[in-house]
Amino acid sequence: MARSMGSYDVPEGVDIRGRYDEEFDKILTRDALQFVADLQREFRGQIRYSLECRREAKKRYNSGELPGFDPATKFIREGDWLCAPVPPAVEDRTVEITGPVDRKMIINALNCGAKVFMADFEDALSPSWENLMRGQFNLRDAVNGTISFHDQVRNRVYKLGGQIAKLFVRPRGWHLPEAHILIDGEPATGCLVDFGLYFFHNHASFRATQGAGFGPFFYLPKMEHSREAKIWNCVFERAEKFAGIGQGSIRATVLIETLPAVFQMNEILYELRGHSIGLNCGRWDYIFSYVKTFQAHPDRLLPDRVQVGMTQHFMRSYSDLLIRTCHRRGVHAMGGMAAQIPIRDNPAANEAALELVRNDKLREVRAGHDGTWAAHPGLIPAILEVFASNMGNKPNQIQTAKREDADDITEEDLLRRPGGVRTMEGLRLNTRVGIQYIAAWLTGTGSVPLYNLMEDAATAEISRVQNWQWLKYGVVLDGEGVKVRVTLDLFARVVEEEMAKIEREVGAEKFGRGMYKEACEIFTKQCTAPELDDFLTLDAYNKIVVHHPKSERPIGLSY
């Protein structure tokens, strides 16, 4: 049936509830939507099963069980297999910059001198319909080399330079729906929408211009088990067959950012061995996952989150084992995020922040990491210098930093209780940062500068689960000399005082027109709920979904 002006041409069984836009229409073509729908129909059963397995594992952990290595897959951990060779185009990944799929951000990140730019549909993006679809449009222009942006405030035009970073894309996790696209009456799986639309429109151009015959390249988040990696591998094989490109063309790095996944690193690489280019230490989400996994274990309470760094035994063990696992299998072991942003009005504080970054990256490169992450272009030169001076002319350390010593890392090492203290300032910072992040997220911003750090959803997640844990178990804050027990009354007072502080910091006008009160309500509800929600963004997502009912759509297309 012919479609009318101002409506999407959708295949059978697909219903788009998001706003119509001419730019989005170039992404949401009938063939592209058919490809996404085919992926959804083929894999939705496996996705449901994997998410149910997550829920069953959560019940076991809440009953007192600890995560650990699976005896059934010992043969994989002890086998001598290798992943496919690393494509030449991405041998050097010494510094990678990350950020949302905002048009100006994409241009600046590709131009900044980093080796890789990870364009993010996940934690650094508020997944509104506008952000997601405009992001797809922006990435298409970036891959084609035609992207530009006119900043009217500065009267400046941004374009790609001669040498740009390699583009990786991070879709959402398996658990997140895309409520604006219904397939057979159900919300589509968010990551299949992100992956499917990007792959459909860009695989040919990317392989020709960036991948040297390989690609596209991806980052895969939030996995907890190798069965989830197996689904991704099948998705990749299905996409390669559809496009008529060689098996193993698509390559992906998996973020090890959940506690259960650290015991599955060999198995995850094994399932993706034809498509893998490594693992990454997603350390902020890893801390969040530690709290979530042990939510029913009052003997495993974390100290203030700022004290849970990579020198903690369980964190260092996780990093060391990741390096050993990756290099044993012939792929990159990527380090964690440097979230600092330049402090332009205080040179001394800026230099102190840069020195923290240098020391952190020096620890990573000496441990054997092949590269690392940065949140801001201003960090790139300093990080490149650290890696170059410690790696010489080698593009990576896969063959030179084998880390056989990490074979001795045990389950106890990976689960060691972290040391440190809990303070009132820790409770206040969690509350202040959590509320401000959610307020920005609700208004369409997922990458938020707060207190000289670039924060994404992971920081809000750590903040709210730590507050929840401290409230649930009536933790005594004893790190400042005076012992104070965390109660609902204390938390209510802290919330009130921190909201007043936020208003003073941002100004009454911005506070009044922002969504700080709505964010406060969401954050407070999450922190005081009887049961801990798995993800803050699942609950908050309902606040940003905007459906356009059928009655409001142009007549002329059957849905």
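Just so it is clear, glycine is given a Cβ too, placed from its N, Cα and C backbone atoms.
Nobody curates TrEMBL annotations by hand; they come from automatic prediction.
As recorded in TrEMBL:
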- 12-74: domain 'Malate synthase N-terminal' (DOMAIN)
- 166-416: domain 'Malate synthase TIM barrel' (DOMAIN)
- Arg170: active site, proton acceptor (ACT_SITE)
- 422-544: domain 'Malate synthase C-terminal' (DOMAIN)
- Asp456: active site, proton donor (ACT_SITE)
Inset, instruction - Give me the Cα-Cα distance between Arg170 (active site, proton acceptor) and Asp456 (active site, proton donor), rounded to a whole Å. - result: 14
Inset, instruction - Restricting attention to the domain 'Malate synthase N-terminal' (12-74), give the mean pLDDT. - result: 98
Legend entry - Three-state composition of the domain 'Malate synthase N-terminal' (12-74), taking helix and strand from DSSP: 43 helix, 3 strand, 17 coil
Inset, instruction - Might you list, by sequence position, any residue in that chain lying six or more from the residue listed as 'active site, proton donor' with a Cβ less than 8 Å away from its Cβ? - result: Asp120, Asp123, Ala124, Trp284, Gly446, Ser447, Val448
